[in-house]
Amino acid sequence: MKKIAVLTSGGDSPGMNAAVRAVVRKAIYNNIEVYGVYQGYQGLINDDIHKLELGSVGDTIQRGGTFLYSARCPEFKEPEVRQKGIANLRKHGIEGLVVIGGDGSYRGAQRISEECTEIQTVGIPGTIDNDINGTDFTIGFDTALNTIIESVDKIRDTASSHARTFIIEVMGRDCGDLALWAGLSVGAETIIVPEVETDIKEVAERIDHGIKRGKKHSIVMVAEGCMTGEACAQELSKYVNVDARVSVLGHIQRGGSPTGQDRVLASRLGGHAIDLLMQGETARGVGIRDNVLRSTPFDEIFRADEHQFDYNIYELTKELSI
Ligand code: F6P
């Protein structure tokens, strides 16, 4: 292994820069040249590929976003388009590709390793959604979680002053982890996630019960993959007469300086990706489980039945918000 490339793809997440830094520095430490592909798969097609040095990743570990830029590139699903990208990798003599992103980004890497067996591919889970199999945590999840907590703590101040119910809509695509972990952390009355069927009438009764026992405010955490905050407010208004407000936190959840946990995770996973490439592994995603680094074949990662939603945390949240 003499030359590798690294790209960030899909929705960005805090800690992607720290992961790129780890990939670059560990590769150079092992005498491997590293190329950065700018703008994800789009940059691969456009040959936006440039050599990275040790200094290229200096002063990046603390920065949110991704200095390599990111893009969603649905065209990469087309075989002819992919061939252009593969030709560019060959042109630069790239033998290994590290893809940092979500499972859509992993699918592109899997196709490359199927269609061009001399290029090894490894995926690093970078998304705030925490929705990738084969790892307990994805890079960016912890930072997004802390951003939600900070925002909801502020919302609680005004919620208490006005004795209001707030419905907070958070990101996560089809995964309820951000809503679940944030809900527990802010003491939400109810968490509405795609993984658990929710009876809105029951939610309304909980809110009503809380008001009757003197609660100053209520927080309902809704995962975007289940319903919008507005839809939730409308449903609730059928059963309970409360002065509810909706806050959609939106893309603020994707920004900001990565937390210590995300920097450490990104550095460890980035280093492990280089270990795998040097061992000749391909078509695998790195991850962490019970604090131990591991890797899983892409095929297994794509199997939907392994989802890691923690029903114990969900139950605990219910028990703690009576
Ligand atoms: O996958 C990350 C994510 O932020 C999701 O939580 C959200 O549904 C989606 O990306 C938003 O995508 P975009 O930034 O393209 O609107």
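Backbone N, Cα and C atoms are what each Cβ position is placed from, and that goes for glycine too.
Just so you know, TrEMBL annotations never went through curation; they're auto-generated.
A quick note: this is a predicted structure, and the numbers were derived from the prediction, not measured.
Here is what TrEMBL says about this protein:
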ACT_SITE  D129  active site, proton acceptor
BINDING   G11, R72, C73, G102, D103, G104, S105  ATP binding site
BINDING   R21, A22, V23, V24, R25, R156, G187, A188, E189, R213, K215, K216, H217  ADP binding site
BINDING   D103  Mg(2+) binding site
BINDING   T127, I128, D129, R164, M171, G172, R173, E224, R245, H251, I252, Q253, R254  substrate binding site
DOMAIN    3-277  domain 'Phosphofructokinase'
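Shown on the structure are the features that TrEMBL records.
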residue	record	CB count, 10 Å
G11	ATP binding site	20
R25	ADP binding site	19
C73	ATP binding site	21
D103	ATP binding site	21
G104	ATP binding site	17
S105	ATP binding site	29
M171	substrate binding site	23
G187	ADP binding site	13
H217	ADP binding site	21
R254	substrate binding site	19
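You'll find the Cα of R173 (substrate binding site) roughly 31 Å from the Cα of K215 (ADP binding site). On the 0 to 100 pLDDT scale, the domain 'Phosphofructokinase' (3-277) averages 96 in this prediction. With every protein chain in view, the residue among the binding-site residues R21, R72, R173, K215, R245 whose Cβ has the most Cβ partners within 10 Å turns out to be R21.
Checking the binding-site residues G11, R21, T127, R173, H217, R245 against ligand 1, the ones with a C-beta less than 6 Å from an atom of that molecule are G11, T127, R173. DSSP assigns C73 (ATP binding site) to coil, not to a helix or a strand. Under the DSSP three-state reduction, R245 (substrate binding site) is assigned to strand.
Summary for the recorded positions D129, E189: the Cβ-based neighbour count within 10 Å is maximal at D129.
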